[in-house]
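Participant: To start, I am sharing the structure in question, which I have written as structure tokens.
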């Protein structure tokens, strides 16, 4: 049991570090982790869930706006991407945030192609992140179920 | 033994030798007859056997008597006599035949002699000249020899001499003479033989001797057969007294048996039965067999196969019975064992098939339950969607009628949701899917929270009491969600059925040897309507005391069944005692573990957040709570609209309280009030009903602030709530304020009772940012109100006074920069004209009266994303005091608060 826990904990640590190193996450995610305590044990999961729901909504909003070829409401896209940027920076979704900044620039310069490309990338990126975080949470759960503690990971 | 063997052999020899004594044709027949005549012979021979060779018991004096008196005996004798007569007849017949033969031969011989004599008369004149014939005498002799060899009755005598010569006659005469001689000789021999035969006949065929022989043979045979046979034989008279008994292995002496009946001799099981059986045979006159098991002191438990036949005397009257018994204990045992084995086999097979059937049924039931669970689950998801959407819809601008309709819709939907949840829980428990969690929790807080929640929706003048014994540990381990569910269920039932008095929860530790310690939680309720006779069906699913009850009180009737199942799942028991008009007590006992400090308590229940949420001293050790009715409380009707998106499981817990009762149940409240007062559920205080609550919490009535349901009385339990509901409620609050008309009054109240606690307003449109910031604030020991945009921020500031505002720059409707400008303008001018000009809808008539702190500069801190559009210069230019770059971190927030608060 103990070896299992140790193994899981090591896996968890490695995985977390890899997420930081590959630029999926940044320090803000660490901030979130700090906010999670006995009182709100699922805080990170909740915030992240909300974030992904937000992503989905905003991306579909932008996609709809960009679909209106020739009559694209860049302002609408801009406000959406602004929202997304805020959210992603709040949860520490580094790559998504970076893409959002690019997308915002494209939007400001009314670069339709750039917008579409960026949006596609954002879509891929947030889905990837979602899968990765899902894995991370699963690992966490496994550790808890095995009776272990979630290790503190210092980046 | 050796001796016995020898006798055996001797007897065998007898048996072999005997037949030769009989003439062949007679002997076989006699044998057959003897064999047929067995029964009668038995008795006869036994007489001898018992006397001479075996230690058997027999009444010697009686036996001959018996032989003479009974039919069997006489028939035996007759038989023997007949047999002897038959043998004699045979011998006589043989002798006669012989005699007849001899006579016939003699007659022939005489006739021949006569003839010869006649012939001689003819030739008497002829001299006998035998000497002359000397030379021929040889020849004659030869002739005579020949004749004798030929049969006597050869009538022709051949003479080869010339007829009527002397030689001829001489020859003839000598021939005849010789024939005569031979004949006489034969006759003499026959007579001799006859007399000899007669003599032997006489000597051999004396009847007594014959019979003795016969009997000896039979006796030998019987003895040979019966020597080791485990057989008891006997004869009993009409009164079933033994007259004669033969027993190879006697256990009683002769005198102990003879002249007595079975019953007199033996005691124990089976004796009576055998006696009755014998009597029955005697009465019916028909031989029969039966198996009887005897259990006597004498020879233990043995089973005998008994054959009994009636005995008649010569006149055909019954005089007793013959009886023969053979021990078959082992055989019977074997047979019974076999039968038992067969029976067991059959039973096992039957059980097997029964079991199979049961398994099948159980499987079916499980499948059905699984299906029910699945279906419930499938129904729940879309229904949650419907209710959630309706809740979201209720946050939009609606007219009164639409709102009422919507609320009916929401409350109905929620009722269905609740029902489905109940079914789901129940089927989860029953199908064994329900898993319990073991988490640390504080029982006092659970009780408090359950009562709080109940008090919040109380519409009767009931007092809710929580009483927790001192020895109840502060923290125990268990599935807090389920325990709370049970308590909530019981309490809501209690409230539903109690019309006046108290409803309460008592919690105490009881020790029972079987468990280490027990946590006994008692829900005392007074239920006037509870009928004694309804108790048995209380815990049944879908059962309610009567149809009237269902109409009167509504509900699914699943609650108690779930409670019971849950309690049992946790290894406890739920009982109820009830007296009509005196109330009912539901008691459940659960085993519990005390949480150790090093336990990783990762799963604090959400309401335990509340202790931290309220920055109050921990009241974990408090053991008594009381909740007076907050009559006319207003229930939130749409709080969790947002919360529902990301915290559905928590919404499930809180929404029923908020939603079910709403406006439909409380029509006296005007809609406007209700909307406006959607605060955290524990802290709802309706302005119009302040008297009611103030007698118990006088100050708190006035410390009522919009946007935050804090209440600073000692009875501050009433202001706690779950995180989910507080969030939902507050967000809701912010959006509703714009249309509210009563806020000024509230503000007035609030301002008067302002405390030193800093009030912070967060203006932010991004839900995630709100969530994160709020959580950070919590860590720093602060709560804050939320505004979603500039307009809301202005409204909130107009309503209440804040010590700090965190303002997002880029927001829809009214961005942070503009909002800050308007606020600064209000601070300078004391009115909201600028805001009104900018299109913000503010009732100015009331603002002036309540504006107390307008002269103080409100610190407004910008939250920027560090983009071109949100430069720090611009922030300062628009009247902001400082800025925090996004994303917000704990460190930045702490620094900021340190700088601007206190």
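Using the three backbone atoms N, Cα and C, a Cβ is placed for every residue, glycine included.
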Participant: For the feature region 'Disordered' as recorded in TrEMBL, pick the matching range from B:708-753, B:754-799, B:800-845, B:846-891.
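Facilitator: It is B:708-753 that TrEMBL describes as region 'Disordered'.
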Participant: Which stretch does TrEMBL mark as coiled coil, out of B:45-76, B:141-172, B:173-204?
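Facilitator: My reading of TrEMBL: the coiled coil range is B:173-204.
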Participant: Between B:92-119, B:232-259, I'd like to know which one TrEMBL lists as coiled coil.
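Facilitator: Result: B:92-119 is the stretch TrEMBL calls coiled coil.
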Participant: For the region 'Disordered' entry in TrEMBL, name the matching range from B:578-599, B:600-621, B:622-643.
Facilitator: B:600-621
Participant: Give the residue counts of the domain 'Response regulatory' (B:759-901) per reduced DSSP state, in the order helix, strand, coil.
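Facilitator: Per-class counts: 69 helix, 22 strand, 52 coil.
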Participant: At a 10 Å cut-off from the C-beta of residue B:808 (4-aspartylphosphate), count the other C-beta atoms across all protein chains.
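Facilitator: Within a 10 Å radius of the Cβ of residue B:808 (4-aspartylphosphate) lie 28 other Cβ atoms.
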Participant: Averaged over the domain 'Histidine kinase' (B:374-594), what pLDDT does the prediction give?
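Facilitator: Here the mean pLDDT over the domain 'Histidine kinase' (B:374-594) amounts to 71.
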